[in-house]
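Visitor: The following feature annotations were taken from Swiss-Prot:
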- Gln11, Glu69, Ser138, Gly142, Thr143, Gly144, Asn204, Asn226: GTP binding site (BINDING)
- Glu69: Mg(2+) binding site (BINDING)
- 425-448: region 'Disordered' (REGION)
- 429-448: compositional bias 'Acidic residues' (COMPBIAS)
Amino acid sequence: MREIVHLQTGQCGNQIGAAFWQTISGEHGLDSNGVYNGTSELQLERMSVYFNEASGNKYVPRAVLVDLEPGTMDAVRAGPFGQLFRPDNFVFGQSGAGNNWAKGHYTEGAELVDNVLDVVRREAEGCDCLQGFQITHSLGGGTGAGMGTLLISKIREEFPDRMMATFSVVPSPKVSDTVVEPYNATLSVHQLVENSDETFCIDNEALYDICMRTLKLSNPSYGDLNYLVSAVMSGVTTCLRFPGQLNSDLRKLAVNMVPFPRLHFFMVGFAPLTSRGAHSFRAVSVPELTQQMFDPKNMMAASDFRNGRYLTCSAIFRGKVAMKEVEDQMRNVQNKNSSYFVEWIPNNIQTALCAIPPRGLKMSSTFIGNSTSIQELFKRVGEQFTAMFRRKAFLHWYTGEGMDEMEFTEAESNMNDLVSEYQQYQDAGVDEEEEEYDEEAPVEEPLE
């Protein structure tokens, strides 16, 4: 089977990770101790993608939990699914990274990273055919951002041919946890551009908006936000966990979604959106799901795709869905909104179907889009970065851990390059490209 090893780093990563494991344990018929008491063969068939079978019908997540302070781990352990995880797979320090990327990446995190890699190695050795890794973390803090990206590059070194997917919580414009978020995020993006194969961007503000506007929750808790994220993560990984007519795995997803290696930052969405307690029991149809799924209000990253164009997107439908209906709807979306899709990638929507819906729903859909409008997000962080960096504000916290200002300058320019690459492909048309071909062809696509 094609196994995936899951890592969660830092407070945010561990909380999202815990929600994810809770969601998929439920879908696979596991109780909070990992004992199987489900009803369907399909739940068992691909259990091994995310779970190891231990003795006595018990399944253990292939998860590595990492943090630089014990607090969040204790919370996970004391939570409803705390007994699910293998105790040796909790790796934590005592000092904390204090929202400082340099501590996570160079000092505190670097001391712990070998212990984490030992656990990762052990998990990888327990796999038949490892497909890749997924990591949940935030980009604004110290541990998730600094140590998370350190782990990604170390794992990259050791498993160069395996996929690396990240679920990254990006700082949001209105909801800020720390002043130095722009620094941490820029330094992290600098790493992700080089070392990740696919990054699913999630941001708290967009999640807040969904909770307030769509779910009508007056003051959403992080629990509600994490529930939304886990719904998306469950959707993105459906095809890996259940047999379906049109399956995709991490690599297929990347092949279909990433037209140029650096442009692998995706927006995600989910439909139908329901709050944690109230699963609406009204029937949803494929057209409704499609319409909801492509609605900017449903996107979990604060950038509006109407300001850019889709390079590619992927839609994953779950439940009793007619294949033909999905195809028709997708064609429909593309024809009606052709201005939002680049015309130089024909048929740029990939669809996948899975017969098993999430718990409490008849059908659902998950949306993954590679849109040039994601540059808004990087632009926003970049502007905040520049404002502080110009005055060298807060820099001493980073240089004190042995970082060089040069590294900040590099990260800044790498992110600015990323923004202009997105812009370049947004503006590119089929007709204008003819003249540019002479200089560009060898650089972009060296033909075999």
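Each Cβ is built from the backbone N, Cα and C atoms, and glycine gets one as well.
Model, not experiment: these values are computed from the prediction.
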Visitor: Applying a 10 Å Cβ distance cut-off over all chains shown, what neighbour count does Glu69 (GTP binding site) have?
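Guide: A count of 19.
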Visitor: Out of Gly142, Gly144, give me whichever of these binding-site residues has the highest number of other Cβ atoms within 10 Å.
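Guide: Going through Gly142, Gly144 one by one, the largest Cβ count within 10 Å is at Gly144.
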Visitor: Can you name the residues of this chain that are 6 or more positions from Asn204 (GTP binding site) yet have a C-beta less than 8 Å from its C-beta?
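Guide: When sequence neighbours closer than 6 are ignored, Asn204 (GTP binding site) has Val169, Ser172, Val175, Leu225 within Cβ distance under 8 Å.
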Visitor: Determine the minimum-neighbour residue: among Gln11, Ser138, Thr143, listed as binding-site residues, which Cβ has the fewest other Cβ atoms within 10 angstroms?
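Guide: The binding-site residues Gln11, Ser138, Thr143 were compared, and Gln11 has the fewest Cβ atoms within 10 Å.
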Visitor: With an 8 Å cut-off on Cβ-Cβ distance and a minimum sequence separation of at least 6, pull the same-chain contacts of Asn226 (GTP binding site), or say none.
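Guide: In sequence order, Gln15, Ile16, Ala18, Ala19 meet the Cβ cut-off.
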Visitor: Checking the spread of the GTP site as listed (Gln11, Glu69, Ser138, Gly142, Thr143, Gly144, Asn204, Asn226): what is the longest Cα-Cα distance, in whole Å?
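Guide: This binding site's residues have a maximal Cα-Cα distance of 23 Å.
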